[in-house]
């Protein structure tokens, strides 16, 4: 299927085989508008382990959903350690010696931060932070212990104002998933006390080259998380370490109970690394780079939204005018918040604000984001042990070259996959199409496969038998794109006859024939609600439109003309459109607003978004595919070795834990790369003259399909899968 022509000669991009090749240029990525005065988002990442690039500057014309802070310096000032409660039998001389120790503290799993960036980054939307970037862990000298006084310590920090590890979207605090009376490590209770005289003599400072205090506090937290509260208290009493201070517990309680005055008073009493060491301040300890005003903005924003939810508009307006406006000068953000006053119902408010209400998880989310600004030596990141174990598993998966097991690795042994399990053998060859096959796509549940091409039909196959379920033949021209609904009950087909059609997958009947476009319909994606879909076409007007199931228009983006490909992130945030002029247009699908544009120096052939909604895979005609971070708007990895050309060749993400990039090629080969390292681990001869599309089964990492101009569909797996299918077929048909 041929790409769109250059603007000088207007020819259908789906017309076939008549275009000259154009010159390929080195790929560059540029944000549409640059403003060097704009703040830079710096929050760390919860996504997979690819290295995140440095943060681009937001332009005034783009909309970012993050409220972030930036560090003033990346240095690591020495600061006093977290106190360990000594036994009552220890002499005062030893206590004085411990208090005066100047051995630098080790920070628990602190991430490395960049320096010198603006610390007041707040933008439209009410979400508190962007998905985080790469995490880096430090080790340091063993801490010395001293009695905790009523003064608050300076933050011991390496320059990070972020939480350790990949913090999840719930907060340090009480959770509906935990017992209400549980003394959880990051809950609403006070920290586990130790009995006077119960502390044991000091143990060695190190535990197998790890800081003993850090390990002990993490264990106390983990035991409490798992419900072993007596054991957690016993460990605290035996070791002499407490999980957190009463001040931290009070701050958490104030946030979760909506006591905003108390929360701000505690925040005002904070000590930061920029203040004089030894200051007699009873507040919290902020991480380096944390900005009190940004933290206050988050608290007052929550207060404002809760007042709107309770219909107390006069009080909400006072908060907006007197409290929020005085803290932040981002007029766009303030205009967004002020517009929420017009919401007629709680549901409308929550929908527009992207906020689940006072009785939802919003306070927990607020606390989680605030905790990222507090030194981890004072307030442990929630579920720290589980997070560290997740990182161990992920590192083993990343190191597994032939990863083909979709189950999580066991903690009992190191993970490794057998190379023979990787799908490199053709187990089925389907030739029911009478022309070129342009695309194959598995359903979300992995039980069906749809294929389309130049022979004007779409075939739905049953998986794993690969018998034909339906052949959809009402198209008048070739079909270039198909899209499964999220529940796999419906299918949209995009045809060169300028129609998009909605089909019932169970019956194979056409449910709707959509509006006839002036140009071919090029692509389709389904909205997360499963009740609407977005159509892209080559029209100059109405090239990007959302339709409901009754074929009624919901929204017209009136965006760029001649859309060739669409992608929508699984979380419903990003709508990405590819035009025929080397540009990618990124929209916030929730607000329907344009966010930014990427300019690539070579023609594009396909788009694909990762399961975690963070990365965009772009394939190009110059034999170059790249992975783009949608949050930071920059490439993080690129893949080479396949041949580009003047026709549509698709690339996609897939495999176990989506660890691979797979693409067709002009020379008919299938290329498979490690997503993380970009190493080409397999190159399989597949079709002739070209391989147009490859789709990995989302539920079986040992199965994928390919198609090509030879009119064939090939199913790829391994010898074990083939034998199992033969055995199951023999069981189903014993007389066959």
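For all residues, glycine too, the Cβ spot is worked out from N, Cα and C.
TrEMBL annotations: computationally assigned, not manually curated.
TrEMBL lists 56-67 (among others) with the feature compositional bias 'Polar residues'.
Residues or ranges marked as compositional bias 'Polar residues' by TrEMBL: 88-104 (among others).
Annotation source TrEMBL lists compositional bias 'Polar residues' at 117-127 (among others).
The compositional bias 'Polar residues' annotation in TrEMBL covers 159-178 (among others).
Residues or ranges marked as compositional bias 'Polar residues' by TrEMBL: 185-197 (among others).
For 244-315, the entry in TrEMBL reads domain 'CTLH'. Note: the domain 'CTLH' (244-315) comprises 41 helix, 3 strand, 28 coil (DSSP; helix = H, G, I, strand = E, B).
The annotation region 'Disordered' is assigned in TrEMBL to 35-208.
Look at TrEMBL and you will find 430-471 (among others) tagged as repeat 'WD'. Cβ atoms under 8 Å from those of the repeat 'WD' (430-471) belong to residues 1, 16, 477-484, 486-488, 491, 493, 503, 505, 508, 648, 650, 692-700, 703, 705-715, 725, 729 of the same chain, restricted to positions at least 6 beyond its ends.
Sequence annotations record features per position, and here TrEMBL assigns repeat 'WD' to 472-513 (among others). Long-range contacts of the repeat 'WD' (472-513) within its own chain (CB-CB distance under 8 A, at least 6 residues past either end) are made by residues 1, 12, 14, 435, 438-439, 441, 443-445, 447-448, 450, 452-460, 519-526, 528, 530, 533, 535, 537, 549-551, 648.
If you look at the repeat 'WD' (684-717), the same-chain residues 6 or more away from its ends with a CB under 8 A from one of its CBs are 1, 403-406, 421-431, 433-442, 444-446, 449, 451, 453, 463-464, 466, 645, 647-657, 660, 662-670, 672. Here TrEMBL flags 684-717 (among others) as repeat 'WD'.
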Mean of pLDDT values spanning the repeat 'WD' (430-471): 97
